[in-house]
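Taken straight from TrEMBL:
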ACT_SITE  C492  active site, nucleophile
BINDING   C277, A278, A279, P280, G281, G282, K283, D301, D328, D441  S-adenosyl-L-methionine binding site
DOMAIN    184-572  domain 'SAM-dependent MTase RsmB/NOP-type'
Amino acid sequence: MKKKAWGLSKTIGSFFTKQHKLMEDFPERYSYNPTQRWNAELESYFSNAYGPQNFSRISKALTRPSCYSCIRVNTLKTTPDAVIDKLTAVLKENRAYISKCDVAGLDNVVFVRGSGPHTINYGYAADGKPPKEVLVSRKCAEAVLRGAQVYVPGVLACSAHVEKGELVAVSVSVEQPGVDGGWGVGITRGTVLQGSQTDPYHLERSGLYIGQGRAMMSRSGMFRVTEGLAVDMSDRVFHLPSFRDVLEGQIFLQNLPSIVAARALDPQKGERILDMCAAPGGKTTAIAILMKDEGEIVAVDRSHNKVQGIHKLAAEMGLSCITPYKLDALKAVCVRNESEDLSDPSCAKDNHGGHIQDSNFMKSEVEKIESITFERLNAEKDFKKAVSNEKANESSYISKADIRKEMRRKRNGPGRNQCLGGKVEKSKGFAPHSFDRVLLDAPCSALGLRPRLFTGEETIESLRKHAIYQRRMFDQAVQLVRPGGVIVYSTCTINPGENEALVRYALDTYKFLSLAPQHPRIGGPGLVGRFEFPDGYAEEWLRPGEEELVQRFDPSSPLDTIGFFIAKFVVGSNEADLQNSSS
């Protein structure tokens with residue numbers, strides 16, 4: 001597997017050798033050379049974990065996007081070869097280099113090469129005057145670096161007298177330390193940029209120019225309207241092809257480590273699987289495709305709109321085995337009082353459909369509840385149908401508002417309350433030990449996402465809060481997996497406290513858990529050791545021999561991925577221990 005990972009590194013590394021001229025001797029101000037600013041205590045912590053030089057490389061890598069786009073092919077609808085042919089035709093003008101992944105287990109992955117950083121001539125040398133400029137927010141700039149355009153909400157400031165169609169330089173405003181110890185942009189939306197050294201925040205924009213493009217509206221228009229395309233980017237520091245509205249349902253743009261995480265879960269046909277923090281649904285749909293859409297995937301998220309997004313993505317990809325619910329993952333285990341032992345149909349059904357051995361009486365009662373619930377639902381459907389038919393016969397008048405609503409629906413596609421039957425279904429949780437496998441892609445500090453231009457607000461205290469939150473979620477996951485089942489835990493952060501420290505907590509708290517090998521394995525080893533903070537708190541990481549059983553993706557490595565971490569646990573069959581975990 002290490003040879004295959006090395007081969008993949010060479011494939012991805014070769015993308016770097018086919019770029020345009022790099023920013024070598026370009027003036028420092030009109031260049032892209034950002035500096036990642038860390039909290040001092042956090043920088044010391046990470047330098048100790050990775051070593052000063054390696055952490056410096058990681059910090060630099062975080063400020064730049066990956067040199068390629070990773071595409072997961074929906075093999076239930078098409079093939080990687082067919083997708084490559086279609087993308088070659090679609091991206092013909094961009095002359096994109098497209099290749100198939102040759103690692104076993106990742107044969108549904110296609111790479112599309114990008115390039116950068118590029119030298120951009122902003123035109124200031126022709127007459128000695130600074131170029132006209134549009135200053136955007138950090139979040140807008142991070143999206144532009146990934147291939148997006150500049151939209152009105154992201155514009156903060158602009159040069160005077162910019163007219164529609166003019167060529168403008170695009171720079172980014174990154175948060176700066178304030179006098180109160182906090183961080184902020186400190187620039188008022190609508191500020192006029194002069195481009196000279198007397199210009200407010202002139203120095204702060206040095207080395208933070210991300211490209212140039214055509215203004216799609218005048219300066220006054222940018223600050224008069226609330227939406228719309230502000231700048232059409234024609235020349236970028238980093239070129240990454242856009243896949244918006246390309247082969248919908250056939251491909252999904254996804255980070256390589258996320259695809260590996262779904263593979264590591266190793267889902268099988270007919271199994272019942274829980275995705276605890278499923279939005280936006282990338283890993284959920286990846287699991288469904290690996291199962292050939294046979295089985296049941298329960299996907300939960302606490303956001304109504306995000307659950308609707310999972311509905312929409314599943315429908316777009318033609319997947320029927322995914323059941324999304326609105327549910328807080330911290331309340332994923334169904335807890336019933338004695339008085340409501342059989343009053344919750346969802347919990348009863350969950351017990352019945354899971355791997356818990358119920359008594360015949362319990363099964364009988366569950367079947368009765370299911371039957372009554374089914375009849376009641378059918379009755380309600382018949383009643384609603386009758387009422388709707390009656391109303392249709394009463395009047396055929398259609399208001400203009402209804403017409404406009406229908407036009408928006410057709411233009412925008414299925415949206416909130418229109419995906420697969422409308423309202424989001426809520427859940428009160430699931431019975432213990434009722435899933436074969438659980439994926440916990442936990443909410444985290446996201447310190448591995450790229451490009452990331454600002455990390456200053458994160459502190460030791462904030463990272464500890466993330467870790468506590470993740471442990472509580474993991475406690476829920478352990479209760480939900482059946483004996484002999486699997487838990488895959490993943491994050492998109494470089495923080496050992498949310499990664500290796502969680503593994504140490506899991507293995508020390510639940511003796512029936514053990515780390516399992518992962519396939520495919522293309523990431524690096526985990527961190528071994530411990531770290532003692534100035535306040536005396538000691539953080540324990542992995543022990544010797546455990547580091548090769550996890551996957552850590554270093555954003556500065558030849559794989560050029562986001563920072564990511566994956567751990568796979570097998571649940572032992574000790575019923576006493578499992579019972580204790582439930583209690």
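Just so it is clear, glycine is given a Cβ too, placed from its N, Cα and C backbone atoms.
When the neighbouring Cβ atoms lying within 10 Å are counted for each of the binding-site residues (C277, A279, K283), the highest count belongs to K283. Across the structure, D328 (S-adenosyl-L-methionine binding site) and the residue listed as 'active site, nucleophile' are spaced 20 Å apart at their Cα atoms. Farthest C-alpha pair in the S-adenosyl-L-methionine-binding residues C277, A278, A279, P280, G281, G282, K283, D301, D328, D441: 19 Å apart. The two recorded residues, the residue listed as 'active site, nucleophile' and G281 (S-adenosyl-L-methionine binding site), have Cα atoms 15 Å apart. For D328 (S-adenosyl-L-methionine binding site), the Cβ neighbour count at a 10 Å cut-off comes to 15, with all displayed protein chains included. Annotation for G281 (S-adenosyl-L-methionine binding site): spatial neighbours A299, G309, I310, L313, A314, I322, P324, criterion Cβ-Cβ under 8 Å with sequence separation of six or more. The local packing around the residue listed as 'active site, nucleophile', expressed as other Cβ atoms within 10 Å of its Cβ over all shown chains, amounts to 25.
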